[in-house]
Amino acid sequence: PLTDSFSELIWESILFSGISSATPTEEMNGAGNLMDFLDEPLPDVGTYEDFHTIDWLREKSRDTDRHRKITNRSKESIWEFVKSLLDAWSGWVVMLLIGLLSGTLAGVIDLAVDWMTDLKEGVCLSAFWYSHEQCCWTSNETTFADRDKCPQWQKWAELMTGHTESAGAYVLNYFLYVLWALFFSFLAVSLVRVFAPYACGSGIPEIKTILSGFIIRGYLGKWTLLIKTVTLVLAVSSGLSLGKEGPLVHVACCCGNLFCSLFSKYSKNEGKRREVLSAAAAAGVSVAFGAPIGGVLFSLEEVSYYFPLKTLWRSFFAALVAAFTLRSINPFGNNRLVLFYVEYHTPWYMAELVPFILLGVFGGLWGTLFIRGNIAWCRRRKTTQLGKYPVLEVIVVTGITAILAFPNPYTRRSTSELISELFNDCGALESSQLCDYINNPNMSRPEDDIPDRPAGPGVYMALWQLALALIFKIVITIFTFGMKIPSGLFIPSMMAYHHHDWIIFKNWCRPGADCVTPGLYAMVGAAACLGGVTRMTVSLVVIMFELTGGLEYIVPLMAAAVTSKWVADAFGKEGIYEAHIRLNGYPYLDQDEFTHRTLATDVMRPRRNEPPLSVLTQDSTTVEDVETLIKETDYNGFPVVVSRESERLIGFVQRRDLILAIKNARQKQDGVVSNSVVYFTEDAPQLPASNPQPLKLRRILNLSPFTVTDHTPMETVVDIFRKLGLRQCLVTRSGRLLGIITKKDVLRHMAQMMNQDPESIMFN
């Protein structure tokens with residue numbers, strides 16, 4: 001992430017690499033002109049078009065000037081002082097609102113998913129809006145042995161035919177399960193396609209790109225928020241192999257963008273808006289995993305590009321409020337933030353580090369397999385006829401998933417319920433097949449003393465079903481992630497069971513004590529798989545630690561997470577989100593080192609045999625010349641020079657600002673015609689009365705554009721683009737303009753150096 005002090009980075013870069021930039025005096029002049037520009041603002045000047053990158057330095061300068069103006073005005077009157085306090089508190093108010101709304105939406109989503117998932121199998125007669133568990137809570141006829149069965153809850157076959165165990169009832173339940181799944185998925189993909197195309201997918205690759213400074217209009221809009229929330233419930237309830245963790249980050253960022261529009265401090269400054277979105281991402285992970293601290297670290301490690309210290313505190317506050325709101329709703333009835341919260345107290349042994357590391361190796365291999373398989377399928381979807389039929393694809397995948405999932409109880413249930421059962425340890429109150437241990441009446445130990453009891457047939461049956469579920473989930477998730485519905489990643493968990501009589505266990509197993517904790521292995525396996533797919537490390541360990549509440553398991557989690565990342569990195573540095581960013585051609589500069597020995601002159605445009613650079617002169621270009629240049633080119637901005645002969649650099653002007661300024665001048669300033677001369681100088685010269693009225697545009701001119709010399713190493717240029725978030729950089733020699741390097745040029749050059757298609761960078 002970028003540091004909080006832009007000026008330190010600028011001067012550090014200048015001193016380190018010999019970059020030629022504008023003088024401090026010119027920078028002060030640029031700031032002064034920016035203040036003049038803010039005093040007399042033109043509509044939409046300083047904003048950005050869709051699919052363009054923001055100028056972080058300009059946004060930072062504008063916010064500094066805005067803050068300076070508010071501070072000066074606060075000394076004039078009590079009312080101005082109060083307004084300054086409100087401006088200072090607005091950030092915390094936005095965080096509070098984000099936390100409240102994202103926590104509420106997460107609670108509603110959890111409740112709706114719980115009900116609609118059970119709706120595929122049956123209905124509660126006493127109150128149809130109750131899930132299976134809620135329905136049986138209210139029943140007085142439920143016994144301990146059959147606590148999952150109650151008269152108020154009936155499966156569809158029992159409700160329609162009165163039979164529960166016959167072959168016909170099984171077939172009818174099977175058919176209705178598949179039918180409900182198809183209906184939910186069809187409704188989800190139809191809503192996404194008609195009302196909010198941006199509501200599909202995980203959302204995290206796009207969130208990362210937006211936080212790096214890219215503009216995608218509508219991706220965080222109100223319609224996207226509404227449709228994403230509704231279709232996320234439908235997609236998860238359909239039984240597809242996906243989760244709601246990634247989409248909840250997208251939902252929370254939509255909430256952040258919504259509340260940014262209420263405060264001009266954030267709505268008119270794209271840099272400040274991204275600080276809010278970073279905090280919103282933390283709130284999203286907080287409610288997705290019930291891990292507020294892990295959410296903050298996830299935002300810092302995984303998605304944020306610019307993360308100053310104040311954003312860290314505000315992210316912490318937003319995640320806290322979101323978690324508190326979700327806890328108040330209590331969607332699972334267990335006073336926890338997630339369904340699969342567990343709490344272990346059994347110690348682990350040093351020899352267990354070997355299986356933990358092996359789980360990490362498996363997680364890394366699985367992550368590599370998943371990324372390559374999923375990217376290959378998504379690329380095929382984009383480049384073939386398959387991409388033209390998103391509704392049909394969703395229906396086919398849903399049908400296959402439902403047909404194969406129903407016979408296996410571990411694939412039939414929701415992912416949260418499955419993870420909950422795998423994470424939980426066996427006890428006297430557990431009814432799972434995984435806890436089917438033989439009770440020998442001749443044993444002197446009490447019945448609830450599980451550790452030394454031999455495994456029963458239910459355990460072996462469950463292991464076969466889990467093995468089949470693992471294979472099924474591995475394959476089907478590759479084809480599910482990336483479809484035109486909201487989809488997060490479901491992470492396959494692994495299980496272990498007790499074999500006390502094995503030689504490797506005799507050295508540390510004590511009679512009558514827990515030797516191996518199966519839920520711990522499931523948790524470590526889940527962390528290893530998630531780490532292999534996303535390449536998360538620190539935030540992943542903290543999230544899993546917050547899920548379990550046990551400090552003693554940090555070392556196994558760290559060992560598995562680090563091992564999975566090492567193994568996965570051996571086959572490729574990209575995680576699943578970075579791979580999708582590259583697949584979609586988003587202009588995202590990752591943090592990998594650039595080690596190739598090339599210079600700025602090798603990358604800048606124009607290159608040899610290309611037309612000369614399009615420039616404007618400071619006092620000899622007419623309005624017609626400017627409009628012709630804008631019409632004939634699609635560049636995002638133009639350097640301003642003293643004259644075409646000298647090509648001494650004066651500054652840089654944005655294309656959008658030029659268009660808006662000329663349009664406004666033609667409407668409001670008398671005498672401005674096509675022959676009017678455009679002046680970027682401090683004062684326009686005195687012209688004869690017969691000449692048309694000149695147009696002065698110095699106030700939209702950036703007098704301190706960032707420049708490098710033609711012999712600056714590209715390693716330094718790439719580092720500058722990353723740390724300062726530049727849109728473009730001008731190349732000079734002794735003050736004479738030679739060319740320009742844009743962010744797109746940098747990305748193309750990096751792709752070319754890695755033997756990739758440079759034209760895969762599709763956006764500006």
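Including glycine, each Cβ sits where the backbone N, Cα and C put it.
On a predicted model such as this, the values are computed, not experimentally measured, just so you know.
Remote same-chain partners of the transmembrane segment (89-113), defined as residues 6 or more beyond its termini with a Cβ less than 8 Å from a stretch Cβ, comprise 229, 232-233, 236-237, 244, 248, 251-252, 255-256, 258-260, 262-263, 265-266, 276, 279-280, 283-284, 287-288, 310, 314, 317-326, 328-332, 339, 414, 416. Residues or ranges marked as transmembrane segment in TrEMBL: 89-113 (among others).
Residues or ranges marked as transmembrane segment in TrEMBL: 174-196 (among others).
Annotation comment: TrEMBL describes 248-264 (among others) as transmembrane segment.
Summarising the annotation, TrEMBL assigns transmembrane segment to 276-300 (among others). Using a Cβ-Cβ cut-off under 8 Å and counting only residues 6 or more beyond its ends in the same chain, the transmembrane segment (276-300) has close neighbours at 1, 91, 94-95, 98-99, 102-103, 106-107, 207, 210-211, 220, 244-245, 248-253, 255-257, 259-260, 266, 306-307, 311-312, 314-323, 325-326, 336-338, 341, 536, 538-540, 542-543, 545-547.
Taken from TrEMBL, the feature transmembrane segment covers 349-371 (among others).
Summarising the annotation, TrEMBL assigns transmembrane segment to 391-410 (among others).
Under the heading transmembrane segment, TrEMBL lists 462-485 (among others).
Annotation comment: TrEMBL describes 604-668 (among others) as domain 'CBS'. Taken together, the residues in the domain 'CBS' (604-668) have a mean pLDDT of 90 on the 0 to 100 scale.
Per TrEMBL, the feature domain 'CBS' maps to 701-759 (among others).
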If we skip the immediate neighbours and take only residues 6+ beyond the ends of the transmembrane segment (248-264), which ones have a Cβ under 8 Å from one of its Cβ atoms?
90, 93-94, 97-98, 101-102, 105-106, 109, 202-204, 206-207, 210, 220-222, 224-225, 228-229, 232, 273, 276-277, 279-281, 283-285, 287-288, 303, 322, 486, 488
Structural state census, the domain 'CBS' (701-759) (DSSP three-state):
24 helix, 18 strand, 17 coil
Residue counts (helix, strand, coil, in that order) that DSSP gives for the domain 'CBS' (604-668):
24 helix, 17 strand, 24 coil
